Amino acid sequence: MEAPNVPATADIIDVVTTTQSINYTTDSVFYFYKDEHLTFLYVLFALIVFGNLLVIIAISLNKTRNSRMHIFILNLAIADVSVGLVNVLTDIVWKSTVDWYAGNAGCKIIRYCQGVVTYASTYALVALSLDRLNAIARPLSFSADKRRIKVLIGLAWALAFVFSTPMLAINKLMLVNDKWQCWIQFPEPWFWKLYMTSIAVVLFFFPAIIIAVCYIIIVIIIWKKTIMRGASVDHTTQYVKKGTPLCGARKAVRLRDCVSSSSGVIPRAKMKTIKMTLVIVSVFVFCWSPYFIYDLLSVYEFIPSSQDIIALSTFIQSLAPLNSVANPIIYASFNTKTCVQFL
């Protein structure tokens, strides 16, 4: 006897990215609820919450906690720890009980909150990238413009709340093989294509494009400043003093040398924050791209449906929250002094 149509994925991030509905047999509907995956979620939860709480505490105890970069990193850590508490913890409970016990209202509210923290984590990176661009493009007015911090962070969270509103309508309680599940159900298959494409654009491709444009502009600005600096000292000789790198030789000026001093093209501290942000963004793309590539291929029926595919889907979905695990590690690697003092 066949079970009713249910989503192919019911995992951590399916709050915003559940794929198409397909038919399952009774034995295969909950095939992906495995002890191995539950163990993985426990480890994931511990790493996300513990790592980001350490970042929040470290920044709060730091004397420079009111610096622009620390405020943005603090906002990112709050969003990431929320991903662990709202998304991963809910998934652990659900996979342990299999049945959904929070009722239809709880289904809609919890799914909405999961969407908010997921979007907030993503758009916190967009806000951070825009701030780094502003730091390079407008260095003179940058430090004095504190209001921009509140605007960027507030806009990121506002977009998260707005983009998550469909979750209140499309998530509902369904009885699947005598077990209550909080899933998304659409009347026609083409709704899934529209839904998945929209989510991929809003949650991944659009933010990734904005971030990419920011860093392309940053590279162009640094390159132009390097050329201008090289031209201004083209016929002069700079003497190395106290280990300061030699910049402005007649040949092409190496960007690495010019940015290694605060008197160079870009202050060292500012370049450090740009590098850290770039690494964080790169990890974001690395963690999310397999998920969206797989789900888009799946919803457009380029991937056949089978029990093995269901298991693979569950694993791929688990890669996305690794972004929230990696961010505290990246922060610690770029702020070793702060971490040593904290420990």
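Backbone N, Cα and C atoms are what each Cβ position is placed from, and that goes for glycine too.
As annotated by TrEMBL, transmembrane segment applies to 40-59 (among others). Sequence-distant contacts of the transmembrane segment (40-59) (same chain, six or more residues past either end, CB-CB distance under 8 Å): 12, 65, 70, 73-74, 77-78, 80-81, 83-85, 88-89, 91-92, 95, 318, 321-322, 324-325, 327-329, 331-332, 335, 338-339, 342.
Look at TrEMBL and you will find 51-331 tagged as domain 'G-protein coupled receptors family 1 profile'.
As annotated by TrEMBL, transmembrane segment applies to 71-89 (among others).
Here TrEMBL flags 109-130 (among others) as transmembrane segment. Long-range contacts of the transmembrane segment (109-130) within the same chain, counting only residues at least 6 positions beyond its ends with a Cβ under 8 Å from a Cβ of the stretch, are 13, 15-16, 72-73, 75-76, 79-80, 82-83, 86-87, 90, 102, 152-153, 155-157, 159-161, 163-165, 167-168, 171, 182, 202-204, 207, 210-211, 214-215, 277, 280-281, 284, 323-324.
For the transmembrane segment (151-170), the list of distant contacts is 15-16, 71-72, 75, 108-109, 111-120, 123-124, 126-127, 130-131, 184-186, 195, 202-203: same-chain residues at least six beyond its ends, Cβ to Cβ under 8 Å. The transmembrane segment feature in TrEMBL is assigned to 151-170 (among others).
Feature annotation from TrEMBL assigns transmembrane segment to 190-223 (among others).
Within the chain, the transmembrane segment (276-294) has long-range Cβ neighbours (under 8 A, six or more residues past its boundaries) at 13, 17, 76, 122, 125, 128-129, 132, 200, 203-205, 208, 211, 215, 303, 312-313, 316-317, 319-323, 326-327, 330-331, 334. Summarising the annotation, TrEMBL assigns transmembrane segment to 276-294 (among others).
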